[in-house]
């Protein structure tokens, strides 16, 4: 903590002694961020992680907002053959991307993350990978904003002690802070961009790695804007965690919003954008701009649907893009696929699958 404070003092002293006119304000921050990262690297090499050019030759599975619903998550992972009956990873050469918002509303956010971190380690042994993206609800928790936390979660996983939970998320040495702060807000895999909230013409002036780094640094700065950065506020609705103007408006102004989308995709040399955050009222994956823009927050959590889960996932395999919808029921006699979940609750689901092809129309 002392090292961190001293580092910021040195940075601000540097700014104070720079003569006016020596350089433009917008040109200062790259040097400052570079030196900040070099110093912090001594403590945490994750500041140098790059997410702007990940190459993957196998299948990709993308999952949207979970909001504490571990049953929907496990139904997806079982159906897509990523985990077995014992909840261990079994998928060969598969990339799983979870697009943020694991926490809040539901109860099981903490054990979902523990489970996903476990799968990250297991997947490596199967030539697979799990990428977890930061959502705005992860950011809210890291910033100490707990308005969406289910009280039952505090009771079950934090000894019914809100202060204990606060320490776990807000204190830099807290159990969940240490792990969640490393999650990237934005990732590019092949020609696909994944981010939680969305993109806009303003934020897309920055590189993926700059967005990830500066979003993290603002959270570490007590979630306050960093004064010497020209963009200022990465936790606002202009930042990738919250930006939803495109996803909210594209159903009504598709031509205009798709024009913006393709400008942004060209900037990043990408063809597709996958976002969560904006709940789809149909409980199915939304697709716009000739299947180049996918909205995968289907409001799946049973905690927001009176106990009814709506699990969906995006599957990309052999250049084929499909939305997979799982129609879930509890039936004694199941004419479809029966999936037995054993933890945290022993429950049997009858699952019917519906797939929609989402490749662009040529």
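Backbone N, Cα and C define each Cβ position, glycine as well.
According to Swiss-Prot:
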- 1-23: signal peptide (SIGNAL)
- 65, 67, 101: Mn(2+) 1 binding site (BINDING)
- 101, 136, 196: Mn(2+) 2 binding site (BINDING)
- 137: active site, proton donor (ACT_SITE)
Candidates 65, 67, 101, 196 (binding-site residues) - the one closest to residue 137 (active site, proton donor) by CA: 101
Fewest-neighbour residue among binding-site residues, criterion Cβ within 10 Å, set 67, 196: 67
Residue pair residue 136 (Mn(2+) 2 binding site), residue 65 (Mn(2+) 1 binding site) - Cα distance, angstrom, rounded: 10
CB-centroid shell, 8 A cutoff, Mn(2+) 2 site 101, 136, 196, site residues removed: 65, 99, 100, 134, 135, 137, 138, 139, 197, 241, 242, 276, 277
Number of Cβ atoms other than its own within 10 Å, given for residue 65 (Mn(2+) 1 binding site): 27
Which same-chain residues, if any, lie at least 6 apart from residue 101 (Mn(2+) 1 binding site) yet have Cβ under 8 Å of it: 64, 65, 66, 67, 135, 136, 137, 138, 196, 276, 277, 297
Where residue 67 (Mn(2+) 1 binding site) sits in the secondary structure, as DSSP reduces it to three classes: coil
